[in-house]
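Chemist: Got a structure here, written out as C-alpha cells. Questions coming.
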C-alpha cells in the first residue's frame, strides 16, 4: 500500500560493506538478564547489536555466554572496545573481537566500534588516543565506527584517518542528557557530509529517552546507537519499542521538511471568512 | 506475538463517550489539496480528525465539500470552533457543528473542540471567554474538549466547569515552537490528574516536529492534537507518518520509566575486569 | 566622566506618579532577621521595596515591626496583597495598606502591588480574580502594579482595565526557575508596549540567580521584582549585590544591541593577512 | 562602608605571576576605530587586554599602531596567537609577541594566549595542535593561557602539559551563542579544580550578551574573555559597561549560593496567618 511504502522506501543505512534497514543500533550490556536483553533487542527493531568482546565480559554470573543469546541470522554483530583507556588496549581488543567473530564465521569480524575512554569516572572519550587507535585499526584492515566527542575538528580528523563512520556523543555515556550541543552536531554534519553526503554520522551515547532519539535524527544524523537508555529503563522492552518508533519518527521528520519556528503564526484554519467579521 | 502486544496493549484514549486507539488527533485545514489531506490523515494513524464546521470553511475553491473527503467509518469527527473570538460566536458555531453532524447522523455531534481566540494576529486563546463558553456548552449538553493556554489555574477552572478534556497549548498555534514551558504542563497534569488520573489532558497547538510530540507525550499527557506541523511540512504525508511514530514513541517512553539525567554515569559495559586494570 | 555617564544617563523607571532610578524592586519577606533584610535592601541598590501590609505580617517573632527597619527616606514603599486568594480579600488588603501608609504619611499610600493567588501550594496567580481585583482597585483610585502569569492575553486585559504596570511571572513564585517562557514575555511586550513604548512591564517572580535577571532585562522589560532569590540565598547580602549588577548589566545589554547568534562566525581578529596564507 | 566591601573583598584573579582585580579580559580587535576600542576597554573595567601581535595586525588602515592606543599603565597586555592554524605558526607568533613586548619593556612579555584554530571558516580550535603548541611554549618558558574547546579531556591534558590557565570556549568564536554545553564546563571545572581549586579556568569565546557572561561566572569559572560581543554590538561602549556588571553579577551570584530550582515553591511572604484562612 502506498502509504506504508512512504515509510519503508527510505534508503538503508550503509556502513562500509554493511547495510542496515534499521537506523538504530543497540548495545547488549547492562541488562538484568540475558532474556531481557533478547526481548529488548527484538523490540528495538535493530539489525545490528554491539558487543563488548573481551572474554570476561561475554559470560554472565551463571557462566552463560552472551553470544549464545544473540540470533546471528537476525543481527549483525558489531564488536566494541568498551573498557579500553588507551590506543594500545583498544587495538588489542579489536583484534580479539575479530578473532572471536572469525571463529564464529560471523560477518561482524571485519568491523569494530572503537571506543577509547579517558577515565573510568566520566567515561568521556579520549580524543587523542581515539585518533591514534582509529588510524592503526584502519591500517589493520578494520572498518572502524568511531565513538568520539561532539568536537567537529576531531570528527573531521577521524574521517581523514579513514574511519568508516564517525559517532559523536550526544552527552556522556549513560548520562541520559540527550543532545547537549546540537550546534556541534550540526558542524560535524557540515564537516563530514558537506561534500560527501553519504558519509555516515551516528549519534552514540547520552540518549535518555525517545524524544532525544527523534531530536538527534531530526538534526540529520544517519542513525543512533544507544544502550543504557533501554537497558536501565524501568521497562526495557517497552523502551526498546519506544526507541524503534523514535528513530523512525525522527528520520521521517528530517526528510519531511519541518515548518519554521515563529513567535506566533497563522491559525489552524484560514482566517478568511472569520465569523465575527463577516456575519455579525 | 508477545512483543507486538507490548505496543498494542496500551489502554485506549477515552474522551467522554468516545474511545480512540490512536493518541494523535489531527486537523483537516491548511492542506494544499483535499487529496493530500486524505493521504495525510491516513498516514497519521489517527482515528479522530477535527473540522472547522462553519459552512464557508467546508468548501474548497472549486466548491468541493471537505466532509466528502473524510471517511466517516474510519474517523470520528471532532467539530471545532476555529475562527471564533468570543464566547457567543463559539457557542453558536458549536451548535452549528452539532446540527451539521446530526444531519449526517455522525457520532461527532455530541462533542466539540472549543477554541476561543483573543485576536487574529497571535491566535492566542482568550482564557476568560474560553471559560465562559465552556461552561455554556457543558450546560447545552456538549462534551467539551477545551483548547487553552498552558496556565494551570485556567486549566483547573475549565475542568471545574465541566470540560471533558483540557487541551493546553505547547506554544502559539502554527508557531512550531513545541512545548515552551514544560513546567506549566507538569503543573497542569498535577492539578488535573492528581486525584483523577484518568482525566484526559491533551497538548494542542505549537508542535513543530516529531521530537516535540514525543516530548509532550513523555511529560505524561494523554494525547497530542496538531495540524500545521503536518499540513505545512514540505512533505505532509511523510510528516504524518513521523507524527504517528512520535506519538507512539513518546507514549511508550513515558510508560517505560526513563533513566535519570546525570552529569556523567557508568559505562555502556560494566567496569569490572577492565582490561588495563587487570591484565597490564 | 563620560563613560560613567553612559551608565547613569538611562531614563528612570516611571511607574505612574512614582519615578525610580533603580530598575530592581525587592521584597522584604522571608529574611532570617530584620537586620539581614536591611543590609540586603541596601546592597540591592533598590529604591522601592514591597511590603506585605497585613498586620500579622508586619511583626517578627520578637514583636518588632518590619516598617521600623525600612528607611522611608531611602525607599518608596510598595504595599502588596500577598496571602490573598480572591479579589475581595485583595481589595480589602490593598485598602488596609493604604490606611497604614497614610497613617505614616508615606507616599506609597497611592499604589499597590496586586497579587491574587490561586492556591497555597503552587502560589500561581489566579488570572480571573486578578482582573476583577485590578479593575476594582483602579476604580478606587489605586495605581495598580499587577502581578500575573506570562499569558499575554491576560496581560493585555490588565492594561485595558487600567493597571499602571503589568508584572508577568518568569516562573512560579520562589521556584528559582528564571524565565521559563521568553516567547510569552516577548508577546507581552509586543501587546503592551507595541503602540505605547513607555508602558511599564516588570518581570515579577521566579528569578533564581543573577543571569535570570540579566536575561529578563535583555528581553526588554523595564524592571525586575524579586524576593526569594535574595532572601533565601546562602549569602543574601552578597546576592543582593549580584542582583543590582545583573539588573544594570541586562538593561545596558538590551540597549546596546547585541550581536546575532550564528552557528559560527568570523575570528576574534580579522582574517586578513593570516599567517599561514601570506607568509609560508 | 561594609556593603561596598562585600563587593570588593573578592580574591583577585591570579594567572601565573599576574594578578588581576577584574575577572573580565577583553580583546582589542574588530572595533570600527581605535578610539572606540579605547573607550570600550575603559568601560569594561578590565585590567588585561589581549592583542594579536603579528605586525600586519597592529596597524589600522591609516597606519596607526594599535599599541599606541593602549595605556600600558592601566592594562596588562596579553599577546595572542590569533590567525594561527598549526602549532609551528602559533609558537612563532608567540615568540614574536614576546619580542615586541620585551622591546616595549611590557610585563606581558612572559605570557601568551594560545589559540590554534582548525580552519578559517568555523574558527574552531584544533585540539591536537593546541596541545602540542602548549607543551612547546611551556618548554620555552611562557605562561600559557590556553584557548580550547569545552572538551574536558583535552582541558585536562592542557593542564597536565603545563598550561597556566585553561580557557574553554562557550561556543564558536563570534557566534554569540553563549555557553552551549554547561555540562562540559562543569566537568572541566571538576577535572581542573577538583583537587586544585585555585587553578584558573576562563570561558573564552562565544559570549553574545550580558546574561551569557553572568551564566558562565555562575558555573564557577574564574573569568571570562570576550571580544566580538562588545566590538560588534551596536553600541560597544555601552555593551562594555554591561559586560563589566555581568561579570561582577555572575561572580557574586556564584559565591552567594543560589536558591534551588523547583516546580513551584513557597510564597514571597510566609503563609502563616493567611487572611482567607484565619479571618473569613
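Using the three backbone atoms N, Cα and C, a Cβ is placed for every residue, glycine included.
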Chemist: Look at the 1-deoxy-D-xylulose 5-phosphate binding annotation in TrEMBL, where B:205, B:206, B:227, B:228 are given, and name the residue from B:162, B:174, B:257 listed for that site too.
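Modeler: Looking through B:162, B:174, B:257, the residue TrEMBL assigns to the 1-deoxy-D-xylulose 5-phosphate site is B:174.
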Chemist: Where does the mean pLDDT land for the domain 'Thiazole synthase ThiG' (B:15-270)?
Modeler: 94
Chemist: Under 8 Å between C-beta atoms and at least six apart in sequence, can you list the same-chain neighbours of residue B:227 (1-deoxy-D-xylulose 5-phosphate binding site), or say none if there are none?
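Modeler: Within the chain, residue B:227 (1-deoxy-D-xylulose 5-phosphate binding site) has Cβ neighbours under 8 Å at B:26, B:27, B:28, B:29, B:30, B:50.
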Chemist: Any same-chain residues 6+ apart from residue B:228 (1-deoxy-D-xylulose 5-phosphate binding site) with CB under 8 Å of its CB? Would you list them in sequence order, or say none?
Modeler: B:27, B:30, B:173, B:174, B:176
Chemist: Could you state the CA-to-CA distance between residue B:205 (1-deoxy-D-xylulose 5-phosphate binding site) and residue B:113 (active site, schiff-base intermediate with DXP) to the nearest Å?
Modeler: 13
Chemist: Under DSSP, is residue B:206 (1-deoxy-D-xylulose 5-phosphate binding site) part of a helix or a strand, or is it coil?
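Modeler: It is coil.
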Chemist: Select from the recorded positions B:113, B:174, B:205, B:227: which have any Cβ-Cβ contact with chain A shorter than 8 Å?
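Modeler: Listed recorded positions passing the 8 Å Cβ cut to A: B:174, B:205, B:227.
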Chemist: Could you round the CA separation between residue B:113 (active site, schiff-base intermediate with DXP) and residue B:206 (1-deoxy-D-xylulose 5-phosphate binding site) to a whole angstrom and send it over?
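Modeler: Cα of residue B:113 (active site, schiff-base intermediate with DXP) to Cα of residue B:206 (1-deoxy-D-xylulose 5-phosphate binding site) measures 16 Å after rounding.
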Chemist: Quick one: among the binding-site residues B:174, B:206, which has the most Cβ atoms sitting within 10 Å of its own Cβ?
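Modeler: Selected residue: B:206.
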Chemist: When DSSP is mapped onto helix/strand/coil, what comes out for residue B:227 (1-deoxy-D-xylulose 5-phosphate binding site)?
Modeler: coil
